[in-house]
Amino acid sequence: MAGEGIVLNLLEKTSFLIVILILMSKIKILKNILKSEQNNKRNLIIISGVFSFLAIVGTYLGIDVDGSMANVRNIAIVSGGMLFGPIVGVTAGIIAGVHRFLIDINGITAIPCFLTSVLAGVLSGYLCNRVDSDKKWVVGIICGMFVESMSMEIILILSRPYDIAVSIVRHIYIPMMIGQVGIGFLISILQSLRREKEEIAAQQAKLSLDIANKTLPYFRNMNKNSLNKVCEIIKNDIDADAVSITDRKVVLSYVGIGEDYFKNNNKTLSNITKECIIKGEIIYIKEEQEEYLVDKKTPLKTAMIIPLKENDETVGTLKIYYSKQREITESRQALAIGLSQMISTLMEISKVEQMKEAANKAEIKALQTQIN
């Protein structure tokens, strides 16, 4: 196959590898791990498995050239190492390298391919924390090109017959070098997932701040009407279908779908709300659960019950309802938690202000008594 044909073929294989990665990133657990800036041992094992798999796929996508394979294996190894560090890079390099060696033990480039796979993992892992995030795609391409250059050198040194080794290098060197641009694509795609998470976090922070500014005046004098206004603001700003605030005994405020149910003095807490208060943990409700959401006649499908805490003690709950099944996304969960923390803080501040006001009134009354 001519050099131009090999280049096009490698770019096609790289595109296929990118498609696999994109499809895998749609899996919820993988998406969360790939988005994360820091990962525990379990996550690193999973990521190592992902990039080892991609590297092995890269081997099987190889093109036979004089008994050797022009492939995209190192693209996956370098990408994993550059983004997730030496554990992922070295693990993927060793696993993919051993696999490459075992499928063609007597092949003319079996040993060079094994050595350069490990080198790709070690070098990219070393560079991971030494390169700025926005430069990783460029450095990754350079790293891949360096590894391929070393691969050609090792082929010329170790592979025999020498004339075949020279022929292999002559045919695949330039195509393999050009093919390393795939590293830039892979790294950019994975970094875009992280940027998406950061952008969502920034939007949530802004939304929480906006809600805090809007609701602050209503916490200065807490009563049924002011809490209704707080629930209404939260409902409208986060596009929920209903919002409720409770204390440890009764529903203090409820706004949205099912509102009439509570206007008829149905203010008793549900068992699942009591469970949230006792455990102090967030509870998610789905339609198929036996515990009712509000009233069986309402069209609400899912809900979150988030504990409101004061000095680490649960003093009530914030309940957010949606009318669509599985409407509660990860970003909405994070936003709801932020809102519950904000409400807890504002309620605590409100109590302190009320205590100060009561103390001031008592002081004034005492002074008036003394004057009289």
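Placed from the backbone N, Cα and C atoms, the Cβ positions cover glycine too.
The transmembrane segment feature in TrEMBL is assigned to 6-24 (among others).
Using a Cβ-Cβ cut-off under 8 Å and counting only residues 6 or more beyond its ends in the same chain, the transmembrane segment (44-63) has close neighbours at 1, 6, 9-10, 13, 16-17, 20-21, 24, 29-30, 33-34, 69-77, 79-80, 84, 87-88, 91-93, 95-96, 99-100, 103, 117. Residues or ranges marked as transmembrane segment by TrEMBL: 44-63 (among others).
What TrEMBL lists as transmembrane segment is 75-98 (among others). Listed by sequence, the residues of this chain that lie at least six past the ends of the transmembrane segment (75-98) yet keep a Cβ under 8 A from its Cβ atoms are 14, 17, 39, 44, 47-48, 50-52, 54-59, 113-129, 131, 136, 139-140, 143-144, 147, 179-180, 182-183, 186-187, 190-191.
Feature annotation from TrEMBL assigns transmembrane segment to 105-126 (among others).
Feature annotation from TrEMBL assigns transmembrane segment to 138-159 (among others). Sequence-remote contacts of a segment are chain residues at least 6 beyond its ends whose Cβ falls under 8 Å from one of its Cβ atoms, and for the transmembrane segment (138-159) they are 68, 74-75, 78-79, 82, 108-109, 111-113, 115-116, 119-120, 123-124, 127, 131, 165-166, 168-169, 173, 176-177, 180-181, 183-184, 187.
Per TrEMBL, transmembrane segment is recorded for 171-190 (among others). Here the transmembrane segment (171-190) has Cβ contacts under 8 Å with residues 1, 3, 6-7, 10-11, 14, 17-18, 21-22, 25, 34, 65-66, 68, 70, 72, 74-76, 78-79, 82-83, 136-138, 140-141, 143-145, 148-149, 151-152 of the same chain, all six or more residues outside its ends.
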List, by number or range, the same-chain residues at least 6 past the transmembrane segment (105-126) whose CB is under 8 A from its CB atoms?
55, 66-69, 73-74, 77-82, 85-94, 96-98, 140, 143-144, 146-148, 150-151, 154-155, 158-160, 164-165, 168
